[in-house]
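Enquirer: Handing you a structure now.
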Amino acid sequence: MACQELQKGESLASLKKESDNLKKKLEEERAKLNDVELHQVAEKIEVLGALSIKTRRVLKGHGNKVLCMDWCKDKRRLVSSSQDGKVIVWDAFTLNKEHGVPLPCTWVMACAYAPSGCAVACGGLDNKCSVIPLSMDKNENLAAKKKSVAMHTNYVSGCTFTNSDMQLLTSSGDGTCALWDVESGQLLQSFHGHTADVLSLDLAPSETGNTFVSGGCIVMYYPSGDAFASASDDATCRFYDLRADREVAVYQKDSIIFGASTVDFSLSGRLLFAGYNDYTINVWDVLKGTRSTILFGHENRVSRVRVSPDGTALCSASWDNTLRIWA
């Protein structure tokens, strides 16, 4: 059918060649605008002083790999999901488990706190994303109140609420991202563009919250919303500036040979926390491109790092079945 639409003298091969030439021209024009790298601009900026970040709490309670976690906006509670098929809501100060919700599917790969703090979302290998309303009653059966909101044709890799409890954004192994209405479970918008699994998404840090970034690796917005970082199996983290329309920094060392599995920024944006498959968290100076410190403590792959909403603490989730609070 496609061949019938071609103009006279055209073939798929010639069109592909033309497309490749145009792409090449675009790259050349973009390269002309490249002036300096980020670390060159930051040469005159003072080097960061010694960082004293230590484990302050260890959260134990999952029976298998912890795959995801998210902070509540109250800066105190957090939710975690695990391969044990459980979602746990914790008080990070007292280490109390406020809620434990068993799910019918193991490998709960994604979880997120609602902006109001009154619900959590979770999804995974069951291809669904569900919302669980939280209550003050510790004995209430929350699993019975669980509501299926999103439905993909492959696993759910990430989920986040928009700036209200009423809409949920998901990414999936089916190569799409989607926006859902929480109340009705209706698909509001589907986002296509990836040619393989989408592994993560992040909502832009703005009040309107109408932009998000998605990746075939792990992606995270810079606090200003003008840039984002990525973490990849190639053992590098990269920094992309949306205004410059290109990559402006790479965070790597010859001694780092294991993949990076998660990233997050400090509140000021000066530090980039990256979790790796060699059980460490490397802390990078975003501007200078140098490593500031390494955090040791986990006994297996670090699956998620997230800075608390007030920037005073970092939580890491790991395949060693625990979460750690660093400060």
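We number each residue from 1, going along the chain as drawn.
Each Cβ is built from the backbone N, Cα and C atoms, and glycine gets one as well.
Note: TrEMBL annotation is automatic and uncurated.
Per TrEMBL, the features are:
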- 12-39: coiled coil (COILED)
- 59-91: repeat 'WD' (REPEAT)
- 149-190: repeat 'WD' (REPEAT)
- 262-294: repeat 'WD' (REPEAT)
- 295-327: repeat 'WD' (REPEAT)
Enquirer: Can you tell me how the residues of the repeat 'WD' (149-190) break down into helix, strand and coil by DSSP?
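Expert: For the repeat 'WD' (149-190), the helix, strand and coil counts are 0 helix, 24 strand, 18 coil.
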Enquirer: Using DSSP, how many residues of the repeat 'WD' (262-294) fall into helix, strand and coil, respectively?
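Expert: Going by DSSP assignments, the repeat 'WD' (262-294) contains 0 helix, 19 strand, 14 coil.
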Enquirer: Just to confirm my parser: what is the rounded mean pLDDT across the repeat 'WD' (149-190)?
Expert: 97
